[in-house]
Amino acid sequence: MKNLTSLPTILSGLVLASLVACASTDVSPTSPGSVPAVPGSTAAVSDTALTNSVLAGLAQQKGINPAEIAVESYDGEVRLSGFAASQQEIDTAVAAARSVAGVKVVRNDMKLKEPAQQ
């Protein structure tokens, strides 16, 4: 019975975390390869907020599986790792990460899945 009462608590926590991540998302369209920056801006985006923003941006992209992409950030540098079914999926994930405000550099450590893993 204890497991049944903790399930709504866990689900509520997941919904709340998703809402917080979506509320802190600021996606600015940029061309691939460019680094979004606000001239004269001295406000640093926290690593956690930046990671959440990138994760939310990935979740909004069609054609990728964000559940298989890990995101880490430190001082504006974002690292993507995990496995993708195609190079297009990797390119889409990198472009989505670059478009998030506060991202200075995107380091792509994603790998293509072997045909047997797909």
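Along the chain as shown, residues are numbered 1 onward.
Note that Cβ sites are derived from N, Cα and C of the backbone, with glycine treated the same way.
Any TrEMBL annotation is an automated prediction that lacks curation.
Residues annotated as domain 'BON' in TrEMBL: 46-114. Annotation source TrEMBL lists signal peptide at 1-23.
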Residue counts for the domain 'BON' (46-114) under DSSP, helix then strand then coil, are 28 helix, 23 strand, 18 coil
Taken over the domain 'BON' (46-114), the predicted model's pLDDT averages 95
